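Here the structure is laid out as structure tokens; the discussion comes afterwards.
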């Protein structure tokens, strides 16, 4: 510790000494500059000489301009001429003949002995004011009359010549004391630091001028410009992702390929809660009416909501796009319209479009490439389109030939082109027995079929229907439910055995029923629920697995290969709010449910959703057993009826 303290004290003393040296050096420099300024002020220019030089230069320039080379000057400067007490700087001769070339003084005679016969001597006349020049080279002696000029002594500092080359440069000689030399040696290590400080000062001086302050009018113009709104809408989503997690927040949903997830989300056969989607502003006091997952971006899900009675000034219909990939708590996109959205789906083959069916009967189309939250297209409220609530919207077909199919509760089915929603391409009245319109509450197309479909009605009856052909309209009738059909879904898993003829329905009669289009009676009735069953859906990857939700907030998963009496897995949400909708994710590993409070619950299914190689054959045997049991029960019923 003592060594460190001594070292610090020594450093402090050196710093103080350096500061004193700098101050002393600065003071001496200021005194030297002051003396030089005083000497410059005492100096006076020679008006005669300067005027003469100026005239000589003008004459030489004039002669050179007309092509005549000027002769050497007839007057040569003399350094000093001492004769008793006389001092001469210049000898100004009277006009002489052009043969005279130069003059010299006795003081310079010694240095000019080697100049040959052209040297001249200076002699005094009887008149002290006249000087005679005599040339040894001339044959005759000729006298030149000279005049005496006023002499003023001036000392000029020599001009400093700086040449930029690799040779060593030496400044003008300056007298320095030994103390100054020691000071410079002590300060020398700090030269680099001082140069850095000087560079920093220069950089600060050369900084750009501060930007001009915008006026309020210019600020408002920028805030309301379309470019700013598009930039702000895009940037705020990126910032929300960055605040939520450290994933690839710059992923763009406008056309880049999806990065597939690796590995299973959850191992095990039980349902585990993953996350919840809820927005305090847009979800509060609204009921989840429909949900759909995107085919192009499997992590995106859209949900539609009914009106909020506590906020009459808010839009009645809302559709929110949620993102499973990022942990942010706000929706990816917010869409709304002036009527409650009863059904919603992503437009297949158009990853940027979202289709919604409203309570007023309008079909609305949103585009996430537009910065507007309102629909970019909508159908008219006219007799040619829907005038009743639309609970069914679906895009069917192929990439090059597809249509939007919508059905309203008055039994009217319309086919639309997504490029033009002003008028439907075709429409059909779903009427039973040519007089009774079908109040459709649900619609489903079998996998790979765009012509035949099944619908559920408010009366509890299920119908098959056809879009084209001689049997267009309502076909078969399936009776079995004792209440309105709330959900209907066709078998979706594709495998070695085709089960596309199967479909399931849910109803207010607390049951879920399994059907086949080959028979108008239910194959099986699942009666484990104690409240309204609001929705049902097959797993997209497992042939024997489906999910259903009821009014008690319970989510049930049924694996028919394991058991047909009780659910394989079941979970009740917190608060026991009624669950209105259920939707499987495209990979079949997650299932989403929406409740009556506007919340969406995401559950991981785990290995329960992963099918084994023998699942299709096992499910075929299960169906055979179900048919056999149904046949036995029908025979027993017939015997009892006969008895």
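Even glycines carry a Cβ here, placed using N, Cα and C.
These numbers come from a predicted model, not from an experiment.
Within the list 99, 111, 137, 370, the entry that Swiss-Prot describes as phosphoserine is 111.
Taking 165, 195, 422 one by one, Swiss-Prot attaches phosphoserine to 195. Within the list 102, 177, the entry that Swiss-Prot describes as phosphoserine is 177. Note on 382, 470, 633: Swiss-Prot annotates phosphoserine at 633; no matching annotation appears for the rest, which is not proof of its absence.
Residue counts for the region 'Disordered' (1-65) under DSSP (helix as H, G, I; strand as E, B; rest coil) come to 60 helix, 0 strand, 5 coil.
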